[in-house]
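Here the structure comes first, spelled out in structure tokens, and everything after it is commentary.
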Amino acid sequence: MLRSPIPRLCCRSLRRPVTWIINHRTYAAVAAEDIPVSRLRNIGIIAHIDAGKTTTTERMLYYSGYTRRIGDVDEGNTVMDYLPAERQRGITITSAAITFPWRNYRLNLIDTPGHADFTFEVARSLRVLDGAVTILDAVAGVEAQTEKVWRQASAHQIPRIVFVNKMDRTGAGFGRTVREVATKLARGGAKVGCLQIPVFENGVEGGAFIGVVDVMDGIVLTWPSDGKSDGRDVKAVPVASYPSPALQEETAKARGALVDTLAELDEEVMELYLEHENAIPTAALKKAIRRCTLGNTLIPILTGASFRNIGVQPLLDAVLDYLPCPADRPPAAITLQGKPGELDDKKNDLCALAFKVVHDPRKGAMVFVRVYSGKLAMGTPITNTVTVGEVPMKERANKLLRMYAMDSEEVTEITAGNIGVILGLKHAKTGTTIISSRDSRTTLQLHPIPTPPPVFIRSLEPTTLSDAKGLDLALEMALREDPSLHVTRDDETGQVLLSGMGELHLEVVRERLLGEFGAKAEMGDLRIGYRETVNGMSAEMEKQVDKEFGAGKRGTASAKAMVEPYEEEEVEEVEVKKTKKVSKKKSKGFGGAPEEMELTRTRTVNGNKITTIIPAGILLPGDLIHGEVHSTLQMAAEVALVRGPLFSAQLHATHVTVAVKDLLTTDPAPTLTALSQAGRLAVVEAIKSVGTGVVEPVMAVTVTVGEKDLGGVVGDISGTRGGTILSLDEDASSDISSVDLDRVYAPPDSTYNARSSTDESAQVRVVKALVPLREMIGYNKSLRSLTGGRGSFQMSVEKFERVNRDKEREVLKEVRGGFDF
């Protein structure tokens, strides 16, 4: 249930002109109910593991009045990390959603995992967010997982602000981190802009970190440095009155640099600059920052130390001031009847996306949704839309909830732009598009949530035969919650094979299956998720199916298919028409004149490319539409690609072309069924005709080590593990980029530079490499040995690569003979 905010004096922080020398400011929340969409923010917290995401979120909840005490990750009492596995490990595993007020606004916030094994949690959260806060560790800078998640956010064109955290730690470098943002994250002409600079006890010269300067307002904000403050009381002093000429000078530089950057990006600021130079009104600058942030041409940067309760309230203010409301975002991408388009949210018809499912022992399946248009009312009959050719599923939204991490509050409706939970749905899953049952657009599909390929496999066996049903039910719940899991059965052994994103991912799933879901099973050793790929281009194979499909309904259809290898690439769904004139003569029982042009559709699915073709001259039975035929052929190809002939593994990097040959019956349903079977058989035959080989997952590995350990780590990767070294970057500034760092403003890092110059062994180096996943099993133990426990690494799937004949024999022996490692 929603907790009542702590009653306190409320004020609009950092908003009124400063006419005094010293004052004390108190931050507190104002309840925000029935707010307009302009006062709504759907934001995510994204970062590398241990950058301080959950710590920052816990402070946000405390200052908003939602909690009465600050949760601590180390003590395992945070609001956002509520799963037993999260509290035990001190990391975020599942994305948690919470709603809280700030300054008459409502924030729907999602705290995402930072570990690479849980990248899918981040991906499905980004799918429904309007903006994001990227948190960086001021000591570590821009880390590997941050870069990966940043690219994911860029793919969705999500506006972001950066919060440089942990400025209280030895070796923190704000200026260095700003330069890394410019070189490693800013792309497509985007520029960085420092909205704040750090304040130390000695101004900019060093000492303990105590606060920030608001560059635009010219206000120094400092927090008590005794470690006893909860961060609510902030001392605000005009920088002109602050006893540090160096800080005053640096603030002037920072503001001038920010104005110059905005003048390059924003025409209105350029006009004001020509008229007033640096004396541009603060209000005009803030409006320009918002415009540029929403346009993804500016990356605003703030700073603080969340664990020391410094800088979080100004960060919340920046979320409201610079990140978008739902109305600021472009229309959602959709497909309708298989054709791409944009959602018309002005029609006020219900359209929502299910982006997450959680099973609660009391509430049942909780389906998290983002409503893009219209409103979802309690008890509303809804339809789960489908791709063309499938049957839509009708359900009812029995109850609606607003979430507060593990707590919830029942609501009567969820309006456009909001995030909430539906209870009572039995079939909706991640990626399901939901519309009103009165809406006839049953093929309307919001942009899907891509699922990454699993690379680790572990076997599962019920403890006894009587436990098999319980294991199946537990797996069904786990798969509905987490689409990045895959379950298959070994035909020879009968074992259940569970595939996932990494060692930690599968270990957490095992704990949940045996604990929360009550399964009784034993899990085998870790294996690699090898795949198959075709050996070459096949000839065209043709198959015909002529069968009765129940109740005397006969279907007759034929299809032809061919396969060939292809290099992975991003292929959007497209429809291409190739002109070819044919006769327009109608046939009895068919839907009308034959199509005058060949229709082609291409999609990528699970690392494969599928092209479906309806040739010119094909007559469609009854009221069939072309989209249904394309979807039938595509599904047939997908099924055929699930198991290869070599060792029953999923195929990868294979281009399938499957086409209609003939549709010979007039009843649409059995004809489509016959076409599906004919298409699948033709694809299977084409694959068998050329045979398959083994491809293995190759990981993008980023290892962070000290200078003195660099040689041993590089030798181990390139020698023992057969990896390819891509780069050896000094963590501070060696990233090669087209960015002119002379034009990037960043304040000096006196404390960081002093540490670096006096302690060479403390210099951090980053090794980037490509390594076969097989060689990375147990690497954590090896890295600890090589670095004395000081090294760390992250890895994610980069590609699948063909193995040589000797290695293929080893792999086949392993997967066929039960070899474990």
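Placement of Cβ uses the backbone N, Cα and C atoms for every residue, glycine included.
According to TrEMBL, the domain 'Tr-type G' annotation covers 38-331.
There are 29 other CB atoms within 10 A of the CB of K53 (GTP binding site), with all protein chains counted. Mapped onto three states, the DSSP output places K53 (GTP binding site) in helix. What TrEMBL lists as GTP binding site is 47-54, 111-115, 165-168.
Cβ neighbour density within 10 Å is lowest for M167 among the binding-site residues A47, M167. Of all the Cβ atoms in the protein chains shown, 25 others lie within 10 Å of the Cβ of T112 (GTP binding site). Cβ-based neighbour count (10 Å, all protein chains) for H115 (GTP binding site) stands at 22.
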